[in-house]
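Reading through the structure tokens given below for one structure.
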């Protein structure tokens, strides 16, 4: 029997202007002694769920659905009835704010208050119990006689925790308890919660801090715009998130990707109650027609996981199977440049292929882009075969940007001609349309779109500018997959940093997938979600970029990582 | 701390000095002098017309012909020794005149403060609890409309209705003249009976302020996180409202009460005159009419000092009620 069960709970705030669907039909269960985590961005409705469970929603809230505590419906109880459950059965730990406790009452009084009310004990007994609780949460009982404003944020949070524990509740709801705390206090609270769970507490941990939640909870529900979009065991959610939003959350978490630059999920939650489709669709990189029309429901996805996505989670974009390619050397020997490579690229992901020169990276890239044909094997892009599919000459297809901008763009072309070329060759748009497209592509890569610049010859440009022109030429075709083959290796450090940030920014904003080929490990670590390591034409290791780089399993990868030249002051 | 206290004393003293200067010069800026009044204020009083000689004699006798600064210095000197001077009109020490009338004023001001604060808080709480419902709207509209009536006009209306028309309350005075009381209870009842209408007038004039402040602060306070916390703890509505909401909402009401006493000390002058209530307000009026400089100075000084004391007390009490404030 589950301790708490929530059935299709909806909490809509009715304001004078419109209706805010803070919680829009969510269901979940918490088993006894389980810790369930709810994560999501601010505004996703997490706190509303917590307040809904406590029966503390403001008066202008329309609540439907039911909340069951030990099979008793508590969602529609009148106030005095609800008070039977509050604190004795279900207690909540609020986020520590300056005004979360009564400013004119001593904290000890505020902790003992519910004990006297619910446990029917004398004030003296309550006080001594309060002192015990203070010691449990790691506070000196002498603080009982101070006022809330005299305590630090961390101490206040501990008092709030002690307060919630005062009547030995069965279920603890923790709402953003670590958000405003320093790392040290956060760890203390976490350890405390783990101890409490061993003592038999059931908990609902609500936070946007996915690291904190995953360190205490056994199961996670991801909320977005008032709906649960993914649930599952903590480890699975972190390692292989199914929903693009969950992936975005995980990727925005610095504790998980320590070295990667931070890129939030672009866009905002759709506002207004008119929107019928999947709430994430405006920000989603893999939306299809149905996503704008109906909202997906949560369906089982195996292994105790559930997902709400019309596409069944993050979709595959490109799949390569059994690719082989050999070069014929002058002496008649064959060099196996690509040896039985299998590869998958998901929607919106950045896959880096690393390896030393001659490992076959570029050859692989050229095969994937249909520049050269493999001896055998297939490459599928969005379900269609790349070979003969002409994905390079279509919108939303595959584009490649090469290593050397000086050879990939002609000196004798003007900027306009160079970028317009793919449109011209593929007979896309009228001349006016083409100019417009070129200008917006230039803006994307942060180059001037003035007539003056358009008339410049590529030969007059600097290396960085020329690589941007090459990038703009790829972007003008609005690719779903961009293959960047060593695009920064010909540039100086500062220019390559600028290009890389630009590229990653574009990728994040436009949501295309990217295969980033490089031999620079430090750079890859900054932008890649996954890394594939190539050696002698084979992919020898592939996985989450930080796992591969920080704890490589293959011998070659270890050597590759170890061969980075550190600065004199660093010891690797 | 010590510095704070010193600066507080310094501030109070300088305020007092400014008041003293104004008190001294303001009456003297009025046309006429204590001896040029030719009419008696009370009906049937003797009309005295002084000759020029007599006038000069009196002016000289009271030292009013000396230069102003000399008069001011001697006033200050006397004040240091606690001597407020002699009333020209009453022909007795000013302090005696004030001691005779001040208790009546204190009686009605304090009672009015208590009555208006308690009823304002109770009504404000009711209104806040029924916020946006009919009873709150009606009460609020009524109160605001009511606040616009000046206290002396209100006093006149109450006097006309209750004393003249219904004859429920006396027209004037603080006690029944020449009454014989059968014990102190009777006397107290008689005093309350006479004080009723003045107190009611003063209270009503202050009620709206307290009511509105209580209502609005309570509404603000009930949106605070700590009220949600208290509710979550299942303490029950009564506890939440009294211990958590009202306890916090009353803080500004306390401050206001202090100011209110000051405002009432001004208002009481008018109200006492309407009800012919023998407090210092009435005395002040006759002192002004008679250009009784020492008495005017004395009464204004008492009013000013009592306002200062009230503010001081409020600060102290606030410090006790709100642990966040350090005084």
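Note: Cβ is positioned from N, Cα and C throughout, glycine not excepted.
No curator has checked TrEMBL annotations; they are predicted automatically.
For reference, TrEMBL has these:
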DOMAIN    B:102-314  domain 'ABC transmembrane type-1'
TRANSMEM  B:7-26  transmembrane segment
TRANSMEM  B:102-126  transmembrane segment
TRANSMEM  B:138-166  transmembrane segment
TRANSMEM  B:191-214  transmembrane segment
TRANSMEM  B:253-275  transmembrane segment
TRANSMEM  B:295-314  transmembrane segment
Under an 8 Å Cβ to Cβ limit, what residues of the same chain, 6 or more beyond the ends of the transmembrane segment (B:191-214), are close to it?
107-109, 111-113, 115-117, 119-121, 123-125, 127-128, 139-140, 143-144, 146-147, 149-151, 154-155, 158-159, 162-163, 169-170, 173-176, 249-250, 252-253, 256-257, 260, 263-264, 267-268, 271-272, 274-275, 277
With Cβ distances under 8 Å as the criterion, find the stretch in B:7-26, B:138-166, B:253-275, B:295-314 that has the most pairs with the transmembrane segment (B:102-126).
B:253-275
Residues from the same chain, set at least six apart from the ends of the transmembrane segment (B:7-26), whose C-beta lies under 8 A from its own
68, 71-72, 75-76, 79, 296-297, 300-301, 304-305, 308, 312
Spatial neighbours of the transmembrane segment (B:138-166) far in sequence, C-beta under 8 Å, 6+ residues away
123, 126-127, 197-198, 200-202, 204-205, 207-209, 211-212, 215, 267, 270-271, 273-275
